[in-house]
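What TrEMBL records for 1-392 is domain 'Major facilitator superfamily (MFS) profile'. Summarising the annotation, TrEMBL assigns transmembrane segment to 26-46, 53-73, 79-102, 114-136, 142-161, 206-227, 247-268, 280-297, 334-361, 368-387.
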Amino acid sequence: MDRVNMSIAILPMSQEFNWNSTTVGLIQSSFFWGYLLTQILGGIWADKLGGKVVLGFGVVWWSMATVLTPIAARLGLPYLLIMRAFMGIGEGVAMPAMNNILSKWIPVSERSRSLSLVYSGMYLGSVVGLAFSPFLIQNLGWPSVFYSFGSLGSIWFAFWLQKAYSSPKDDPDLGAEEKRLILEGGVSKAPVSDIPWKLILSKAPVWALIISHFCHNWGTFILLTWMPTYYNQVLKFNLTESGLLCVLPWLTMAVFANIGGWIADTLVSKGVSVTAVRKIMQSIGFLGPAFFLTQLSHVKTPAMAVFCMACSQGSDAFSQSGLYSNHQDIGPRYAGVLLGLSNTAGVLAGVFGTAATGYILQRGSWNDVFKVSVALYIIGTLVWNIFSTGEKILD
């Protein structure tokens, strides 16, 4: 919610402060400056200090940055850019820390479902953020979006302090039977004192993760950042009326991520190797979006275009049971660091992809934009199927 509210609030803000589209682009990208900084650091901290501390710190930090955003905007553009980067610093530790906690708590047989369920919170948060922001802006003005969403972090933090534990060993309320079940289920045990960078970076499956994450996020980020523009320019939609259509891809992702997680865990429990399951799920996550993006140039009606987008995002969500579950397969003790590494590549793809799309559109067409994404999806599929594994390669 805290991440998407800016994409709506920026419309009245740019009117009030007379920002041009270059400035708006700068503000939208400033989040990523901070977000990039803490991916790997967040993973190192989570693997060493435990996910509870790191995720708690991240949420408090980015909630404060959210609440302070209107004040920063009134002080001037440099202050706003710094505040957005600060917000990115807080959010950057979230995914590595979540991955670390899941690697300690969730047995292999439940890994895909748990990860998909946790990540679908991000999709549903986007839905809620996109749905409520216009309502808040119309009734209470744009600053209310930042004050209300940001203050929710403090409520969450109070629950987190009481209820969350970095590992089952720390939880006094956990029954002995459940603790035994978790600890025998192939979860990572001891915290990490130092990180074997040389060993990690010498493994082909680690590079398969990094490259595939880049290929995956290139397409995903373009869809999320440029879609409103595509709807508006090509399909001639008025996006205020079709707010629902912006929400639709997120909803399909939330639903299909959980369906994919359930299928993946069922296959693992039926005796299909983890490697085969990860390759099948990620191949759907790459080839599905690639197929539906190639169809976009042939569709004639706006409804069909929206249908293609939703199908593209729905099949993309199968990646939660492929690429995104794989960090915990290959190195459960270093799950935070591994996610930090691959997500750094993913964020870079978002930054470059979003910028490259603007460049391509000045010289070419939307078809060219989609062709680049499809090419990367196919490269990702090849790299993933040749080099990835579901076996533990880092102890």
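Cβ atoms here come from the backbone N, Cα and C positions, even for glycine.
Just so you know, TrEMBL annotations never went through curation; they're auto-generated.
Just so it is clear, the model here is predicted, and its values are computed rather than measured.
Contact between the transmembrane segment (142-161) and the transmembrane segment (79-102) is not supported, since fewer than 3 Cβ pairs fall under 8 Å when only residues 6 or more apart in sequence are counted. If you take every residue in the domain 'Major facilitator superfamily (MFS) profile' (1-392) and average the pLDDT, you get 89.
The transmembrane segment (368-387) shares the most Cβ pairs under 8 Å with 206-227, out of the stretches 26-46, 206-227, 247-268.
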